[in-house]
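Residues or ranges marked as compositional bias 'Low complexity' in TrEMBL: 9-40. Positions annotated as domain 'Fatty acid desaturase' by TrEMBL: 203-317. Residues or ranges marked as region 'Disordered' by TrEMBL: 1-40. Sequence annotations record features per position, and here TrEMBL assigns transmembrane segment to 76-98, 110-129, 149-166, 227-247.
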Amino acid sequence: MGDSTPRSAAAAQLDEGAPAAAAPSGAASGSGAAADGAGDGAALEAWQRQYPMPTEQKGDPTAQFKALYTPPRNDAAGLAAAAAVIGGWALLFSHAMWGVVLAGPGRSPWWDVVGTFFALEFASAGLFITTHDAMHGTVCYRSRRLNDAVGWLAISLYAWFDYGMLHRKHWEHHGATGRPHSDPDFHRGNAALLPWFARFMWEYSTLLQFAKIFAWTMLLQSLGVQYANLVVYLAAAPILAAFRLFYFGTYLPHLPRDGQEEMGWQKSHSYDGGALAAFLQCYCFGYHLEHHRWPYAPWWDLPRCKAITRRLQAEGKMGRQPPGVQRLLWL
């Protein structure tokens, strides 16, 4: 741990936020593997050739900590996670559209109606999280083309957002985190929950998106889906998922502290609870400081990043959350 840790060519360049040069065959496996025994420097080098580090990382006084984590050894887990989320959503969506009867003869039991709603809502949030990983290049470290294909598919199934626009603005967020009028995810002077959420949704919505949603709705109706099912499962569930994503992924992590107008990524509030609770909240997205410090970590590996943070805090090398943050924000 620290400066004496062996480092890969890519990890060494993380300190300055510069893209790594192509690594020669047989490059070293990197400090993350040495530090936690689970990483692969070659995957990080492949990532660095396609995704430059966010500009917000420049001048980071704790840059040496980035070398303590490197990505998983291969892309199988990332692709499997994406397939599980998309496949699980597809099964739930099919049941919600054609298996649940909301009114009339043969009406489904309440537990099926309610259970399907919340399961589909959570799976819909997973579609966005999968898109988010794709934008970060962590579904498949070695192929940006495959990342973009998975991201486009997942975000289209979720709510037909413009993947290209989403990709561009999300990296703008990572380049100017918590800076008013520069960070597209940050509030514009009103940090209250609902106004911020409304502005956030407005930032990413387009007329073409609504046209696609309308066409998708008409197609589903032509295939026999009842209007009530469309309202509950095609509209309400994704909207609630959007609120979940905003609340745990933007509002809580970047909520300004008293007397501060900007919330740079180093100030991000980060959930301090266990991995299961973090997953049930929003696919471990509450580990937000860790996400910004290690933007090449997939959502399902953020608990490993959190473990590194806890170790650094225990050794006095990293500060802890201000008193009351965990109690007031995440309960």
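Every residue gets a Cβ built from N, Cα and C, even glycine.
With a threshold of 8 Å between CB atoms, the same-chain residues lying at least 6 positions outside the transmembrane segment (110-129) that come near it are 85-86, 88-89, 92-93, 95-96, 99-100, 102, 154-155, 157-158, 232-233, 236-238, 240-242, 244-245, 282-283, 285, 299. Residues 82, 85-86, 89-90, 93, 124, 127-128, 130-131, 133-135, 139-140, 204-206, 208-209, 212-213, 216, 238, 241-242 of the same chain, all 6+ positions outside the transmembrane segment (149-166), place their C-beta atoms under 8 angstroms from a C-beta of that stretch.
For the transmembrane segment (76-98), same-chain residues at least 6 beyond its ends with a Cβ under 8 Å from one of its own Cβ atoms are 116-117, 119-120, 123-124, 126-127, 129-130, 133-134, 138-141, 150, 153-154, 157, 220, 224-225, 229, 232-234, 237, 298-300.
Secondary structure of the domain 'Fatty acid desaturase' (203-317) per DSSP, as helix, strand and coil residue counts: 79 helix, 0 strand, 36 coil.
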